[in-house]
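Asks: Have a look at this one.
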Amino acid sequence: MAPRAGQRGLWSPLPGLLLLAAALSRPAAPCPFQCYCFGSPRLMLRCASGAELRQPPRDVPPDARNLTIVGANLTVLRAAAFAGGGEGATDGVRLPLLTALRLTHNNIEVVEDGAFDGLPSLAALDLSHNPLRALGYRAFRGLPALRSLQLNHALARGSPGMLDALDAALAPLAELRLLGLVGNALSRLPLAALRLPRLEQLDARVNALAGLGPDELSALERDGDLPQPRLLLADNPLSCGCTSRPLLAWLHNATERVPDARRLRCASPRVLLDRPLIDLDEARLGCSDGDAHESGEGIDVAGPELEASYVFFGLVLALIGLIFLMVLYLNRRGIQRWMHNLREACRDQMEGYHYRYEQDADPRRAPAPAAPAGSRATSPGSGL
C-alpha cells in the first residue's frame with residue numbers, strides 16, 4: 001500500500017543502511033601466509049613460521065608499517081628481497097610506508113647488494129643474531145631514512161674481508177643515529193661508522209678490541225653543531241700499555257661520551273689484569289715488548305688510587321704525631337716531676353754502689369790471713 005500524502009516513508013532509510021552495512025562487512029585483504037597482522041590498516045605484521053619460510057613474503061600489504069620475521073630460514077637476502085625481487089620475480093610489491101624491519105634469528109648468511117631496495121621509508125633495521133658470512137658492499141643502499149641499524153651477534157663468523165665490506169656498506173647511511181655491533185669479535189671499529197655525521201651512539205661491547213688508535217679517535221670528533229657520538233666499549237680485552245695512552249687521554253677529556261667508562265678493564269699485562277683503565281695515568285704506562293710486556297716490566301702501576309692511599313696514610317700519621325705532641329705539652333709538669341724523681345732515684349742508687357765500692361777497696365779493713373794448721377804461734381819479741 002502506497003503511503004498517503006503528507007505521511008513520511010517508513011522504509012526510505014533502509015537502502016542506505018544496507019549499503020553502509022555492506023561496505024563495513026566487505027572482507028579486508030588477507031594477511032600474508034603464515035603471518036599475523038595487527039591494526040587496521042595493517043600497521044604491524046609478524047611472521048614466525050619456522051624453517052619452511054625461505055624468502056620474505058611477497059604479499060605484504062603496501063600499507064604495512066612494521067614487519068617482523070623471526071625464526072625463519074632466510075639464508076640469502078637477494079636484491080630487492082622485500083620488493084618482490086629474487087629468483088623468478090619480475091615485478092615486486094613496493095612497501096613505501098614500511099618504517100621498521102626486524103629479521104632476527106633467521107639464519108641469514110648472505111646479504112647481497114641492494115637487498116633492501118624498495119623501502120624508502122625504512123628507519124629501523126635489525127639483523128641481529130644471524131650468522132652473516134658475506135655482506136655486499138652496497139647492501140644498505142636505497143635507505144635514505146635509516147636511523148637505527150642493529151648487527152649484534154651477526155658478524156663473528158664473517159670472512160676476513162667482512163670489516164672492509166661493513167665499512168663500504170655503512171658509508172652511504174648519512175642519517176644513521178644508532179649502530180649496534182655487540183658480540184662480533186671485531187678487532188677494530190669500522191671507520192666509516194665513526195665518520196657518519198649524525199651518529200649518536202655506537203654500541204661495540206663484547207668484541208675483541210684491544211684499544212682505539214689515533215685514527216679512530218680523530219674520526220669521532222665533530223665540528224660545528226653535529227652531535228658528538230657516544231661509545232659503549234665494556235667487556236673488551238683492552239691492552240693497557242703505551243698504545244692505550246691516546247684512548248686513556250681521550251677518556252679523561254670526554255668521560256661523558258663513554259657511559260660505561262668505569263667498566264673498561266685491562267686484560268693485559270698481567271700486573272694490570274682487571275684494573276679499571278680510567279684509573280690509570282697515561283704518563284706511567286711504559287712500552288715493552290714480548291714477555292716483558294706480558295709480565296708488566298716497564299709499567300708503573302702506581303695509579304691515582306695508590307697515590308691517594310699514600311697521601312691518606314701520611315695524613316693519618318701526621319694527625320697521630322700532632323695528638324702525641326699535644327699530650328706531651330699538656331702533661332709537661334707531670335713529666336718533669338717524673339723525670340726529676342727518676343733522676344734522684346738513679347743518683348741514690350749510684351751513691352749506694354759507690355759507698356760499697358769504697359768500703360771493699362780499703363786494705364785496713366781486710367781480714368788477717370789464717371795461720372796454717374800445725375804451726376806454732378810466735379810473738380814478735382821472742383827472738384825466734
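First residue shown is number 1, and so on along the chain.
Cβ coordinates are placed from backbone N, Cα and C, and glycine is handled just like the others.
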Asks: Can you check which of ASN66, ASN73 Swiss-Prot annotates as N-linked glycosylation site?
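Replies: Among ASN66, ASN73, the residue Swiss-Prot annotates as N-linked glycosylation site is ASN66.
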Asks: Where Swiss-Prot annotates a disulfide for CYS240, which of CYS242, CYS266 is the other cysteine?
Replies: CYS266
Asks: Can you figure out which of CYS240, CYS242, CYS266 (the disulfide-bonded residues) comes closest in space to CYS47 (disulfide bond), comparing Cα atoms?
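Replies: The smallest Cα gap between CYS47 (disulfide bond) and any of the disulfide-bonded residues is with CYS266.
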Asks: Would you mind reading off the Cα separation of CYS266 (disulfide bond) from CYS242 (disulfide bond), to the nearest angstrom?
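Replies: One finds 13 Å between the Cα atoms of these residues.
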Asks: When neighbour density is defined as the number of other C-beta atoms within 10 angstroms of a residue's C-beta, which of the disulfide-bonded residues CYS47, CYS240 has the lowest density?
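Replies: Output over disulfide-bonded residues CYS47, CYS240: least Cβ neighbours within 10 Å is CYS47.
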Asks: Would you mind giving the whole-number mean pLDDT across the topological domain 'Extracellular' (31-309)?
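Replies: The average pLDDT of the model in the topological domain 'Extracellular' (31-309) works out to 85.
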Asks: Based on DSSP, tally up the residues of the repeat 'LRR 5' (198-219) by helix, strand and coil.
Replies: 6 helix, 3 strand, 13 coil
Asks: Cβ atoms within 10 Å, counted per site: which of CYS242, CYS266 has the most, among these disulfide-bonded residues?
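Replies: It comes out as CYS266.
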